[in-house]
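**Q** The structure is given below, and queries will be raised subsequently.
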Amino acid sequence: MRRFSNICVILFSFLYATGHGASEEVMACLRQERSRVENPSQTIVNVVAENPAYLHCSVPPDAEHEIAWTRVSDGALLTAGNRTFTRDPRWQVSKKSANIWVLNLRRAEQQDSGCYLCEINDKHNTVYAVYLKVLEPPLPSPSSLQKKSTKLMANMSGDEVVLNCTVTSTDKDEEVLDVVWTRDGNTINFNDTEKYILKVKRDAGVVIETMRIRKATMEDDGNYACEHSQQKASQIVHINKAEAQTSNSATFPCSIFSISIFMYFLYL
């Protein structure tokens, strides 16, 4: 009876906030909740595509309980404790406080909409359900496109490829959202710290992200891009290995790299 009451409270809050009936998909998600107490966190999260999403899960205070986040649509285990198990680098988990865990989605896409479960390893096997709704972004106006620019520059530093992505907005009060890096259209996994290093600098209206590709070889060839909102700056990186000789009478073969770069700017 308590569980039914909790679901009714959740659905009433959703109806009040949205002004219309909850879909069967949302109701089916919330019915998967198993808890002796009402979920203190937000159970329905609405976010516009290309923005970050945060799903909260509260555990009993003064208790050492780990949690696991799963995606209902495919049963995928996303995180357990502070470890991430998905290969999608957009997903991360963090601990906001002693009893609040947050599933972070760096850049939400419409296909991320659906039901997510927070499972707590307490004696009651508590399960909290959170429904994520990713809304279609509004079409950008021509004036807003003119206010933003995205540039990507590349160079070599030793055996590393260094790519600098600069996002500039003429509106100093506008928050510059996360930049997404891709290679040949696939999101780059920055959890692979042996291969990639990412540093971010932020200032009023400007974000500079620097990506280093460590120990670059021809296998790292590709079309690298940094994307922000409706704009993308892209560079084709091609690494050639050559033989160099010293000017002395004795020669010592060594490997050097040269980089061929082609840059173009796209409006999506």
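Here the Cβ of each residue, glycine as well, is placed from N, Cα and C on the backbone.
Relevant sequence annotations retrieved from Swiss-Prot are reproduced here:
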type	residues	note
DISULFID	CYS57-CYS118	disulfide bond
DISULFID	CYS165-CYS226	disulfide bond
DOMAIN	40-128	domain 'Ig-like C2-type 1'
DOMAIN	140-251	domain 'Ig-like C2-type 2'
CARBOHYD	ASN82	N-linked glycosylation site
CARBOHYD	ASN155	N-linked glycosylation site
CARBOHYD	ASN164	N-linked glycosylation site
CARBOHYD	ASN191	N-linked glycosylation site
SIGNAL	1-21	signal peptide
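Looking at the shown structure, what environment does each listed feature sit in?
**A** DSSP assigns CYS57 (disulfide bond) to a strand.
The local packing around CYS226 (disulfide bond), expressed as other Cβ atoms within 10 Å of its Cβ over all shown chains, amounts to 25. In this structure, CYS226 (disulfide bond) is part of a beta strand by DSSP.
In sequence order, VAL93, SER94, LYS95 constitute the residues six or more apart from ASN82 (N-linked glycosylation site) in its chain with CB-CB distances below 8 Å. DSSP assigns ASN82 (N-linked glycosylation site) to coil in the three-state reduction, outside any helix or strand.
Annotation note: ASN155 (N-linked glycosylation site) sits in a strand segment as assigned by DSSP. Neighbours of ASN155 (N-linked glycosylation site), defined as other CB atoms within 10 A of its CB across all chains, total 11.
Residues near ASN164 (N-linked glycosylation site) in space but far in sequence (CB under 8 A, at least 6 apart, same chain), listed by position: LEU152, MET153, ALA154, ILE208, GLU209, THR210.
DSSP assigns ASN191 (N-linked glycosylation site) to coil in the three-state reduction, outside any helix or strand.
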**Q** Between CYS57 (disulfide bond) and CYS226 (disulfide bond), find the distance joining the two CA atoms and give it rounded to the nearest Å.
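**A** So the alpha carbons of CYS57 (disulfide bond) and CYS226 (disulfide bond) sit roughly 32 Å from each other.
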**Q** What is the interatomic distance between the Cα atoms of CYS165 (disulfide bond) and ASN155 (N-linked glycosylation site), given in whole Å?
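**A** Roughly 12 Å, rounded to the nearest whole number.
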**Q** Restricting the comparison to the recorded positions ASN155, ASN191, CYS226, which residue's C-alpha is spatially nearest the C-alpha of CYS118 (disulfide bond)?
**A** ASN191
**Q** Validating a neighbour-count step here. Other CB atoms within 10 A of the CB of CYS118 (disulfide bond): how many?
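**A** Cβ-Cβ neighbours of CYS118 (disulfide bond) within 10 Å number 24.
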**Q** Between the Cα atoms of ASN155 (N-linked glycosylation site) and CYS226 (disulfide bond), find the distance and write it as a whole number of Å.
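**A** Cα-Cα distance, ASN155 (N-linked glycosylation site) to CYS226 (disulfide bond): 15 Å.
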